[in-house]
Structure formats: C-alpha cells, structure tokens
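Written out below as structure tokens is the structure these notes cover.
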Amino acid sequence: MAAVVVAGLTSVWFLPVLCPDLRTAFDFSSLLSIHLSMCSNIHPSIHHFLILSFQCDPGEATKLLYDLLYTEPIKIVLMPGCSGVSTLVAEAARMWNLIVLSYGSSSPALSNRQRFPTFFRTHPSATLHNPTRVQLFQKWKWTRIATIQQTTEVFTSTLDDLEQRVKEAGIEISVRQSFLTDPAVAVKNLKRQDARIIVGLFYETEARKVFCEVFKEKLYGKKYVWFLIGWYADNWFKIKDPAINCTVENMTEAVEGHVTTEIVMLNPETVRGVSNMTSQEFLTALMSRLGGKNPEETGGFQEAPLAYDAVWALALALNKTVAPLKAKGRRLEDFNYNNHDITSEIYRALNTSSFEGVSGHVVFDAQGSRMAMTLIEQLQGGSYKKIGYYDSSQKNLSWFGNDVWIGAGPPADRTVVIEEYRFLSQKLFAAVSVFAGLGILLGIVCLTFNIYNGNVRYIQNSQPYLNNMTAVGCMMALAAVFPLGIDGHHVHRSQFPVVCQFRLWLLGLGFSLAYGSMFTKIWWVHTLFTKKEEKKEKKKQHLEPWKLYATVGVLLAIDFLSLMIWQIVDPLHITVEKFTKEAPKEDLDVLIQPLLEHCNSEKMNTWLGVVYGYKGLLLLLGIFLAYETKSVSTEKINDHRAVGMAIYNVAVLCLITAPVTMILSSQQDASFAFASLAIVFSAYITMVVLFVPKMRRLITRGEWQSEQQDTLKTGSSTNNNDEEKSRQLERENRELQKIIQEKEERVSALRNQLAERQALRNRRRPSTGQNQNHSAPPPSSQPDPKSLLPPPGYPNPTTDNHSLPPSFSNSSNLYPADSKMSRNHCHNSQIPLLYK
C-alpha cells in the first residue's frame, strides 16, 4: 500500500515541525489527535499519522527527504516547516511530482511559481507585513524611514518588497543597514544618520542583541519608533541571554513603545469553522494537551492554528480529488512519482481551497501563499496590546485608537527643521536711515546754495554745474541706503527683485555722477596745467565747459550701458543662502535652518569683477591725478584741491568697503553696516569738503550774488589776481635773462671769429695799406637804434611801468664805440640775433 509524507494512503509525515524563529521542535501529535477525532468525513486513508520532529536544519532535511523518497510507502505530499527547509524541499519536489504544503514558511522567495510550481503554505508570506507597515506609515504621516536587517534570504526578500512598496507610496528609505551576527556598527550608523522610524527584520535572538545596542546608543524614547516582527515570544526581551550584557531592566526600557505586525494566526471572531470548533475552543483543547506548560515558552505555539488548518486544507483537497479521479478511472492509491495527472488534481484542489479554519478564512493566492489579516500590536507597559487589524486584500484598517506614545503623539520621521529667515536689525536700519535722510537734506541745501549763488564769480570759477552733479550723485547714493536695508521683513519675496534693481541703479548712477564730476575736474586740471616747459603756451587756452560735461557724460554713459546690458543678459533675482542647522535652547526635537536672502544673478562674480575693475581703476587714477595737481594753482577750477581731498576719502572708503562687504555677505548686519556707512561717510565728506568752504567764504566775506558788488570789494579775489600777475612777470623776467646770457655768449664767439679773420688779412696785405685801412674811422660809431629795439611781444622799456633788470636795460653798453666791430666786419643783420 502506498504512503505519503504528511498525507498519503496510510500515513502522514511532518518533515520539520519547527518554528523558524525559535528553532525549537514542537510535537503536533496531540494537536492532530484533536483534529482526527472530528474527521469522520475525511478520506479514510489519511487517518494514520506519523510525526517526525527535528531541528530546522536544511542539511538534515535533505538527508531525510531522500531516505523517505526511496523507501516504501510512496509519498504524495510533503509538509516542511521553516523557510530554509521549505526552499530546498519545494524546489526538489517537482522532480517527483510531489505537492508541498508548509505551515510555517514565511520567506517571500517562496512566492515564485516558476521556481516552486507545486508549493502552498498556510503561513502567509512575510511580505504580507509590508502593506500593513506602509498603511501605518501613511496613517502617522511618515515619509522617511530606516531599516536594519539580519543578513538572511527571508529578511532580504522582505526588505526588497518593502522598498518597492514604500517607493510607490512616496516614502523614502533614508538608511538601510544590515548585519550578520553583531549589530553594534549598524545601530551606530542609524544613530549617526538621524534615523527615527526604524523597521527591524531579524530573528528573536538577534533582536535581543540589537536592542541591547539600542539601549547603549539611546536610540529609543519619544523620538523613535521601532517596527518588529510579531511572531516573537511575548517575553522575548526578558529572557536572559549570555550573548548580551544588558539587564532585563535595560531591555524593558529600550523596547517600550515599539510596534509589531503579525499575521492573524487565530481567528478573532467566534465562528465555528469546518472543524466545528471556534478558535477559543481550539486553544482550550491545545492547552489541556500541553499539560499546563507555559505557551510563551513553547516554540511554535503561535503557528499551531496554521498547522491545524494546513492538515484540514490537505484533507479537504484529497477529498476533492476522489470524484475527478474516479471519473477518470483512477484512485489516489494509483499515485507514483511519474503520475502527473493525480498531482495536477491535488494541485487544483488546493488552489481552490476556501474554508473557515481556526486561524481564520483559509484561501491561497496565485503564488500559493495564504491570504490573511494582519494584527497590529504595541508594547505598552511591558506587555503587548492590540491596537488594530489590517486586511490587505480589502485595504481596510480597523483601528482601536488605544495606541500610546511616550511623547505628545507619534514622533516625527526626522528632526523637524524649521526654516527661519535672517533679517536685518531694524534698529541698525533705522539709525543708518536717519543719517542717510539727513545727508539727503544736506545735499538739497548744497544744491540750492550752488544754484542760488551761481552768478558769484567765486562760485562760477568752481564749475558750479559739475558741483551740482556731485550733489545730485551724493543724494542718489544716499537714497540707495534705503533699498539696501529692505529685505523680506518689509516686502514680499515676489517684490524683492525690484528692490534689487533699485539698489543697483541708484548706487551705480549715483557713483557715476558724484565721483565722475570730481574726476572730470581733476582730469582737466592735470591736462591743462601740468605740461612740460615747451608746452606752457597751452595754459592760456580757454577751458570750454562742454568738454567737462562731455567727460561726465561719457563716464555716465559707460555705467548706464553696462548696467543695462547686465539687466538684459543676466537680470538680478532672489537667491536663498542656507546656513548650518542650529539647535534651539529648549529641549525640542527641532532644528533651526537659518536662511538669508540675496540679490544675485547667474554670473554675479563676473559682473562684479567687471564693475569693480572699472571703478577701481577710476579710483586709483583719481588718486594719482589728485596727487599730481596738489601744487597747481588756477582760477579756472578754483576748488580742485578740495576735490582732490574728497577723491582721497572716497577712494579709500570704496577700496576698503568693496572687498569687506563681499567677505561679510553672509552676515547681513555687518555687511549692511559697512556698505551703508561707507556710502554715508563718502557722501558727507564730499559735500562738506566741496560746499561748506564756499558757504563760509561767501558768508564771512560778503561775496554775494551781484557781480557789481563783487567788483567793488577789495577782497582777496583781486589780491589773488595781482599776485598771480606778479608771479607771471617774474617768471618772464627770468626767461629773458636767460635769453640775454645766451646772446652774450653768441656775441663773444662772433668777436673771436672776427679777430681771427682780421689777423689772417693782415698777413696778406702790405703793412702800409693795412695801416691806412685800419686808421680810417668807421662811418658811424653809434649803433642802429632799430637794432636795439626789443623783440616783438615784449614791452618797451620807456613805456613799461615795470623796470627791467640792469643786465637787460644796460645791454647797449656792452658794445663800446672803440670796439673793433665795424660796418666792414660785423653786418647790421647780426645784431638782431641778440633777441632771437
């Protein structure tokens, strides 16, 4: 007579009946006896069972499998327990056309019909936990989780499935850690990477190791939630384990509040199933058979309803095959390892199974896995409390609402980061704004003064239109202080780019007007009054005002075009700078993320380099020109020394402030203080140096608007003109003396030449003739009066009120009447050489 492993014609075998997590054997003989006493309607060939129990060892299972296959009777169905053995047995069973039905295998890898074509299990796949976990993540609004797993196939497959499901739900796995035997490093990594919601996949013995490290790293409490597998013993954390060095109190503290998900292995409803027993009646009968043994210390106790329903599923399936086989003229007793038809009938019967068992409704999916509800529990006060159920097939969550948290509620899935914008100190902004406002008023006063007294000669000689431009430029630069201090505290972010434009244009054009007009004065003073001696005549040329205005216009046009190109090609926009997160002083699970708004563009550094380079060259050139013209005195631009002093101050402030503000750009208060105070000081110094002396002069000396009054005054203006004329005459006198000295040297040279010629002639002529020629007096001993006239352009000595030096006025006495020069030897045309 044929026999089967687990189910057959005359006997049933259990290949390991071991719970995969505890790895301890449990004898199901009493359980099956309870079952068989109520199986009067089952095929009689299944009434005899032989139960074999041993450790969950794939190697031992392989040996036993081959021993059973090659000994009588013939086996029809194999019923392994844990996942490791089921993987090996189910993959080999198809070679003998054997059906495999497991009651304790949860590995997701077994849900593969191509690899395991004849495999069924009443224990749902471990992946059935994952829909429940995802549902809880969404319920508590978590979008970031971490995982830690023991490196085994069942947990790796479960985690791969979880990763796919959370990805579809928009949840991120930020940290994924694994370990083989020692979880210390993995737990430290979780702590370092700020993991808050942690899914743990490991066996019970490794769970104790993990939570001992969790206690050491303080990775528990109100900030953390752990998700564990629910098929551990209820007191798993209280069991003394020599592999850890934590006390029971430490472990109890570390595991408090964790959540477990477990397949519903006992029907929660009071329903009589196919066995005519309710789940509670089944537990009562099972406890009586255990003889008072503690269920929490009994390995495989939780899987007992699954094993009971597995036998019922097999029995019902075998009963289903009787009629189809009989119709084909066959019986179960006709099965052999080459008979595929009987195997197909048993497969079809199991695949269509649907009945109420003590574990709930028993039905298999397309992969042969059990479809079941998931129980959700939470450890509260050292004991597990049911807080809900989840039916993944119906996507229905039954929530009891009795979940308890250490804090005010479910913790955040990460450290809550609060974005906090840094704004400018309003006190600083108000103080600088007051100074800027007063500076604008000062600029209005200076501009009004310059326009009102535009007819005064002293004001006219200072190029008042350029001074007006300077005042307007200073006021524009001061007005730029206000948008420079406006930030998100005052305007909406959408309006901030407009503020950026105001900053750039007011400051750029204000600088061009203020500094450009001063630079123009210094430039033309240097051009006209610092030439070499041979170009002194150009001093007398008239300085035309349009040249000054044209120079300012060129500088202003360059700035305008550069700013316009900048705004068209790469306009300014708002950017946000992030700083290092800061922890608040209070004990809160939050971090402060400081943010700072900036006006920026895509190539900001390039544009700033161009602008700063151009402005820097102008400042340096202005300093050079001011130094070169410090000793020049001219009436045409009578305030150029004051302009030079203003240029010194502006250049120094700008050259220092520009790099400092770039370095301090991340410190809004310091950056604003440096930039705004540099603008204020530059504007104040410029207006005070240029306009206050003019105001003081006109007030103290009474030089007011009327030109007639100005000419009647005997003030310093007339004295200055006389002093200038006197200095000019002295310079001309020195030049004339130099010319006379040169002519005297020329006359002496000519005399020497005449003497040499005379001596040569005396040698050639007879002495008598020579004496007669030389004894004759010259026709006239007086020089030609016309030859002694001064050169054109020089004043006549008889009419000039200013007497010439003696060396020049007595120059005619240098040529006495008895001189050897005569008409025969010195032509009159040589005399004017004295004045050339």
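The backbone N, Cα and C atoms fix where each Cβ goes, and this holds for glycine too.
In TrEMBL, annotation is done automatically, which means it is predicted and not curated.
Listed in TrEMBL for this protein:
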| type | residues | note |
| --- | --- | --- |
| SIGNAL | 1-25 | signal peptide |
| TRANSMEM | 428-453 | transmembrane segment |
| DOMAIN | 435-714 | domain 'G-protein coupled receptors family 3 profile' |
| TRANSMEM | 465-484 | transmembrane segment |
| TRANSMEM | 504-525 | transmembrane segment |
| TRANSMEM | 546-569 | transmembrane segment |
| TRANSMEM | 606-627 | transmembrane segment |
| TRANSMEM | 647-666 | transmembrane segment |
| TRANSMEM | 672-692 | transmembrane segment |
| COMPBIAS | 704-720 | compositional bias 'Polar residues' |
| REGION | 704-731 | region 'Disordered' |
| COMPBIAS | 722-731 | compositional bias 'Basic and acidic residues' |
| REGION | 758-836 | region 'Disordered' |
| COMPBIAS | 776-795 | compositional bias 'Pro residues' |
| COMPBIAS | 803-814 | compositional bias 'Low complexity' |
| COMPBIAS | 827-836 | compositional bias 'Polar residues' |
Message: Short question: most Cβ pairs under 8 Å with the transmembrane segment (428-453), which of 465-484, 504-525, 546-569, 606-627?
response: 465-484
Tertiary contacts of the transmembrane segment (672-692), as residues 6+ beyond its ends and Cβ separation under 8 Å: 424, 428-429, 432, 435-436, 439, 442-443, 446, 449-450, 467, 470-471, 474-475, 477-478, 480-481, 484-485, 507, 514, 518, 639, 642-643, 645-646, 649-650, 653-654, 656-657, 660-661, 664
Cβ contacts under 8 Å made by the transmembrane segment (546-569) with residues that lie 6+ beyond its boundaries: 463, 465-466, 469, 501, 504-505, 508-509, 511-513, 516-517, 519-521, 523-524, 601, 607, 610-611, 614, 618
Message: Over the span of the domain 'G-protein coupled receptors family 3 profile' (435-714), how high is the average pLDDT in this prediction?
response: 81
